[in-house]
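Notes follow the structure.
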Amino acid sequence: MRVEYGSVEKDGSADLDVDWLADGWVALLRRWLADAEAAGIAEPNAIVLGTVDAAGRPVTRTVLCKSVDDTGITFFTNYGSAKGEDLASTPYASATFPWFALGRQVHVRGPVTKVSAEETADYWSKRPRGSQLGAWASQQSRPIASRAELLDQLAEVTERFADHDTVPVPPDWGGYRITAEVVEFWQGRESRVHNRIRVHDGRIERLQP
């Protein structure tokens, strides 16, 4: 169950250092995303999204990050889903990119806001039609009697939009942006003496593992 990570001496892999953030956290995160994609990691933009419900109980799930910029990271979902309800009561979240095969992870946390309708529409237009229909068919996080019933709902919306060249954005669907209040880069190293670099309040600092 234990994984041994690399080191400069062991495999020649360079140590994560504050200098790697000379161009800012966005540049390094994008570079690591590209490295994960090049390594063949499935869905390298997957994040473990953490929220808390109205009672303060934490919940995590995996979603896909769809954009990274100087303001933060963005994902899209059903606003009426469990995560949407959590964010309505506590608009703060954490997100972790877990690249186990590379011995890397990046953690982002901060306040959450909905993106504009224009940004949602732009992303929606790039989704495959099947994904668009699936978003209409599913009342996300709500109970359903069977998969057959879910497929019936999909068939119904497929028929409803059969004569439409484009499928409109559902009224309860859109994006959220996590404003990057804290960003932490982690690199697994030999003997569990890992590298951790945190960006917070304009400061870049090394943390003990």
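Cβ atoms are placed via backbone N, Cα and C, with glycine included.
The substrate binding site feature in Swiss-Prot is assigned to Arg2, Val3, Glu4, Tyr5, Lys66, Tyr123, Arg127, Ser131, Arg192, Val193, His194. Residues or ranges marked as FMN binding site by Swiss-Prot on the basis of sequence analysis: Arg61, Thr62, Val63, Leu64, Cys65, Lys66, Phe76, Thr77, Lys83, Gln105, Gln140, Ser141, Trp186, Arg196.
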Neighbouring C-beta atoms (10 Å sphere around the C-beta of Arg2 (substrate binding site)): 4
Where the record names Arg61, Thr62, Val63, Leu64, Cys65, Lys66, Phe76, Thr77, Lys83, Gln105, Gln140, Ser141, Trp186, Arg196 as binding FMN, the maximum Cα to Cα distance in Å: 36
Spatial separation of Glu4 (substrate binding site) from Cys65 (FMN binding site) - C-alpha basis, Å: 28
Long-range Cβ environment of Phe76 (FMN binding site), under 8 Å and at least 6 residues apart: Lys66, Thr120, Tyr123, Trp124, Trp173, Gly174, Gly175, Tyr176
Residues near Arg127 (substrate binding site) in space but at least six apart in sequence (CB under 8 A): Ala135
Cα proximity to Glu4 (substrate binding site), best match among binding-site residues Val63, Lys83, Trp186: Trp186
Coarse DSSP state, helix versus strand versus coil, of Phe76 (FMN binding site): strand
Helix, strand or coil at Lys83 (FMN binding site) [DSSP, three-state]: helix
